[in-house]
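S.K.: Let me give you the structure first, and then I'll get to my questions.
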Amino acid sequence: MSVQLGVSGETLIPQSTGYGMLIGLGIGFCGVILAAVKIQKAYLAEDSGTSEMFMVANRSVGTGLTASAVFSSWMWINETVFSAAFCYKFGLAVPFWWSTGLCFQIALMAALGVLAKIRVPYAHTSLEIIRMRYGWIGHIVFIVLNITNNVFGCAGMILTGSQLIYGISGMHFVAATILIPLGVVLYTAVGGLKATFITDYLHTLIALVLIIYFTLKVLTHDAVGGLGGLYDKVVATASENMIDGNYKGSLLTMKSRDAIIWGLILKFGNLALVVMDTAFWQKSFATEVNATVPGYNLAAAAIFGIPWGLGTVIGLTARALHNTPIWPAYPQEFTLAQVNAGLVMPYTVKALIGDQGIDAFLVLVFMALTSTVSSSMIAVSSILSFDVYKTYINPKASDKKLVQVSHLTVVFHAVFITAISLALNYGGADMTWIGYFRPILSCPGIIPLGLTLCWSGQTRLAAIVSPILGFLTGLGIWLGTAHVIYGEINMKTTEGSLPALYGATASFFSPALYSVLLSQYKPEKFDWRRFLLTEIAEEVQLKQSTEAEKDTEDGNNSSTSESQRPAPSLLSPEKASDPERTAATAGNEKASSAVFSRDAILNGEVNLDDVRHPFDEDTIKLLYKWYRIAWYMFVGIVLVTFILWPMPLYRDYIFEKTFFKSWTTVAIIWQFFAFFAVVVYPLYDGRYEIARGAKVEIQHHVLLELLSTSSPCVFALFVPEWGVCSHGNDPVNAAYDLQRTEVYTRGVNGGQGTFVSGNVHREGHHVSFPLKNDIPCRTIEELKSRFPAAMDWALKDLERTRLQCYHQIFPRAPDDDIGKYMAHGGLVFGEYDPAEQQDKLDHPPAPTAETQMCELPRHLMFHSVPKDPWFRLRLRRNPEPKIGFGMRFFVEAGASMLQVDWSVMPQLET
């Protein structure tokens with residue numbers, strides 16, 4: 001029944017409180033994320049105005065923030081409110097089975113995420129992978145599957161939340177349905193995926209504090225009496241709380257038929273919600289190489305404790321108290337409709353904590369709902385902008401245009417899911433019906449999508465047809481079984497557990513059979529190297545769209561990290577098909593100089609022998625290491641949570657008091673583990689980024705002082721994440737495979753301050769641009785006198801800061817000038833090879849006339865450096881960023897000029 005027709009009883013708070021909480025919290029979180037976006041853009045060089053940042057957070061998210069974001073995205077309202085409701089219905093077995101149905105999907109997604117990084121290093125969505133392998137028809141089929149999964153799952157959560165808020169406050173569910181996604185639209189549209197990462201962290205922090213608070217506050221209340229008192233009260237009321245299908249009707253047994261059936265249905269549905277949700281793929285794309293597996297598995301372990309501890313305590317407490325005067329609905333019956341609407345937890349909180357507890361409960365509901373909605377908005381936005389708009393409507397769309405479309409699709413998605421939620425509510429759906437139907441709808445695409453990355457033998461026909469046949473099979477079995485068992489088909493009979501279980505099983509497994517059978521018709525073997533062409537095609541299209549944008553927008557120097565990544569290059573066919581050999585040799589082959597057109601790439605006219613993986617040997621080895629670890633973790637989690645832990649307890653046994661107390665204590669301890677894993681650890685993991693933000697003010701003053709002088713200084717910007725060797729806006733393609741190459745460019749003036757040089761690395765690059773230069777600084781003392789704030793900041797703590805100097809000398813500079821400078825102050829770190837330097841004097845590199853000076857925004861003048869001990873060492877992709885500051889100045893000596901590069905950075909590990 002819909003909540004408006006099926007739920008009645010006492011409202012727990014006034015309507016005005018409900019409206020105030022929803023509107024106030026929405027505005028508050030919008031303000032927080034807008035401030036965070038402004039800070040990250042101004043000081044951390046993270047601009048959500050680029051599609052790469054908006055969609056995949058520049059692929060720079062670390063382990064802690066990844067775990068927090070995945071945890072938040074997966075901590076739906078089900079894990080809190082409805083774990084308690086189903087514990088009330090079926091006993092303490094449900095919260096445990098609920099927990100086991102949450103973690104294995106995240107572990108599986110970690111393995112698939114790493115495999116995607118190996119196969120398709122720079123994908124934005126899982127659907128890009130589908131299109132490259134199966135063409136536009138397969139692309140459209142999986143777009144429908146993914147959007148359906150996202151929309152239905154998100155709308156189901158909004159429906160559940162609106163019904164819950166209606167039952168608590170009496171607020172009209174239409175108003176609640178509209179207000180829930182409203183605030184999320186604002187910060188998601190502005191901030192993109194990194195914004196949802198940040199707000200996910202805030203959601204997680206607040207929600208976990210409230211979860212722990214509710215668990216302990218309810219348990220320690222005088223009416224409950226702790227773990228022992230709770231056990232005694234449940235046993236004392238056992239005769240009035242008999243559960244059909246449980247061993248001896250007890251709430252305190254793991255042998256529960258309905259609980260295990262619900263647990264199986266939940267596993268199917270949750271697996272679909274993860275694998276078929278592009279939000280989880282995007283989070284894996286957005287993470288650093290070293291962060292995907294640890295981050296996802298940390299979230300998988302943390303989420304286990306949420307429904308287990310909270311659901312057990314709240315659900316059993318409600319059973320013990322629902323027929324006592326303390327219960328808000330007493331002496332009226334607490335109906336099944338109220339239970340299905342999720343009112344078990346708010347009624348328990350009202351009974352034991354009062355109005356203050358209900359206010360806190362609404363905050364918890366808001367946290368759970370908005371984390372789900374924001375994740376869904378970014379997922380659907382990425383599909384509609386990249387996979388629909390850019391692919392079929394405007395292939396030459398600029399980066400700026402893509403972000404604009406993404407903003408519009410966020411708003412469109414919010415309106416659409418609001419309409420779907422209202423339709424479901426008026427149609428009579430509740431959380432139980434949605435939970436039973438969702439696996440049937442979402443499961444058919446899981447195995448075909450997984451085989452896209454794992455099995456080269458799945459054909460285009462199989463991938464397109466098998467999900468459709470799987471859905472029809474599951475739907476038919478679901479409805480047919482409901483008719484056979486209950487004699488008719490309606491909302492009530494389709495809410496039965498057995499028809500839903502049979503339908504979900506068929507929807508999940510039948511596509512595997514269809515795929516294998518259909519793949520035998522005209523079998524073909526897919527060459528994994530074709531996935532690398534996705535990046536080349538994207539590079540070609542990006543170049544075209546960037547040129548178009550320059551033609552239409554005067555003075556717009558847009559920059560994207562898309563155009564500054566290492567390009568795919570050569571791999572032999574044998575090595576491409578052998579993962580180990582690929583990892584061992586990918587970094588040793590020379591890059592191809594072939595230039596491909598986008599049409600040739602998409603039409604399969606490119607020779608795959610001219611393409612190799614963009615990652616170097618070490619990175620690929622690291623990815624395969626994490627890939628193996630991910631599968632070990634997945635298998636371990638499945639064995640422990642499916643078999644080794646629960647199955648021995650599925651027997652004729654009712655928990656004794658001591659065992660129950662130990663069981664619940666472990667569940668509560670797990671809540672604290674979750675808090676440290678996804679709240680405390682992200683702060684430690686992101687300490688360097690936090691430090692960068694904390695030093696903004698002093699850096700700003702230093703920058704203003706430098707800009708106010710007319711010294712011969714040049715700021716240097718290191719952006720190792722870009723992975724492209726270039727100066728200004730122009731790539732230096734010849735330097736891709738060199739660990740360290742020096743490139744010289746003579747400016748148009750041919751005088752002081754117009755020389756630009758850069759250290760070009762395989763996976764990092766050095767961009768330079770000049771400031772005004774009239775008066776040279778010959779010594780460090782002069783430098784200190786001219787830039788006191790800069791030098792004071794740089795040298796204030798030599799135990800933690802290393803001052804690094806290195807120099808380049810141009811022809812005709814006397815050697816004694818070098819010695820004079822390098823001997824001064826003992827500030828030179830690194831090797832100085834006179835023979836090497838003399839060779840440069842005798843054979844100077846030729847100037848590169850094409851290189852141009854570029855004017856970079858002021859907030860980019862402070863750079864991050866990797867952990868490598870010296871510039872001569874090769875930079876690794878996506879290194880851990882650290883604080884750094886650098887400048888270049890020139891020392892004149894007659895007709896020659898000595899150029900010195902000067903940088904300050906934290907003490908580096910050797």
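These residue numbers are counts, starting from 1, taken along the chain as shown.
Positions of Cβ are set from backbone N, Cα and C atoms, glycine also.
So TrEMBL says this about it:
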- 20-39: transmembrane segment (TRANSMEM)
- 60-77: transmembrane segment (TRANSMEM)
- 97-116: transmembrane segment (TRANSMEM)
- 201-220: transmembrane segment (TRANSMEM)
- 259-281: transmembrane segment (TRANSMEM)
- 293-318: transmembrane segment (TRANSMEM)
- 360-384: transmembrane segment (TRANSMEM)
- 436-454: transmembrane segment (TRANSMEM)
- 461-480: transmembrane segment (TRANSMEM)
- 500-521: transmembrane segment (TRANSMEM)
- 543-591: region 'Disordered' (REGION)
- 555-566: compositional bias 'Polar residues' (COMPBIAS)
- 629-647: transmembrane segment (TRANSMEM)
- 667-684: transmembrane segment (TRANSMEM)
S.K.: Apart from its near flanks, which chain residues at least 6 from the ends of the transmembrane segment (500-521) lie with a Cβ under 8 angstroms of it?
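M.R.: Here the qualifying positions are 261, 264-265, 268-269, 271-272, 436-437, 439-448, 451, 457-459, 461-463, 465-467, 469-471, 473-475, 477-479, 481, 494.
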S.K.: How about the transmembrane segment (629-647) and the transmembrane segment (97-116): do they have 3 or more C-beta pairs under 8 A, pairs 6 or more apart in sequence?
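M.R.: Answer yes: the transmembrane segment (629-647) meets the transmembrane segment (97-116) with 3 or more Cβ pairs below 8 Å.
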S.K.: Which range out of 60-77, 97-116, 436-454 gives the transmembrane segment (293-318) the most CB pairs under 8 Å?
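M.R.: The listed stretch sharing the most Cβ pairs with the transmembrane segment (293-318) is 97-116.
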S.K.: Under 8 Å for C-beta pairs, could you tell me which stretch among 60-77, 97-116, 461-480, 667-684 has the largest tally with the transmembrane segment (259-281)?
M.R.: 97-116
S.K.: At a threshold of under 8 Å on Cβ distances, which of 97-116, 461-480, 667-684 pairs most often with the transmembrane segment (60-77)?
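M.R.: It is 667-684 that shares the most Cβ pairs under 8 Å with the transmembrane segment (60-77).
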S.K.: Same-chain Cβ contacts of the transmembrane segment (461-480) under 8 Å, 6 or more residues past its ends?
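M.R.: For the transmembrane segment (461-480), the far contacts come to 130, 133-134, 137-138, 141-142, 145, 437, 439-441, 443-445, 447-448, 451-452, 489, 494, 499-500, 502-508, 510-512, 514-519, 521-522.
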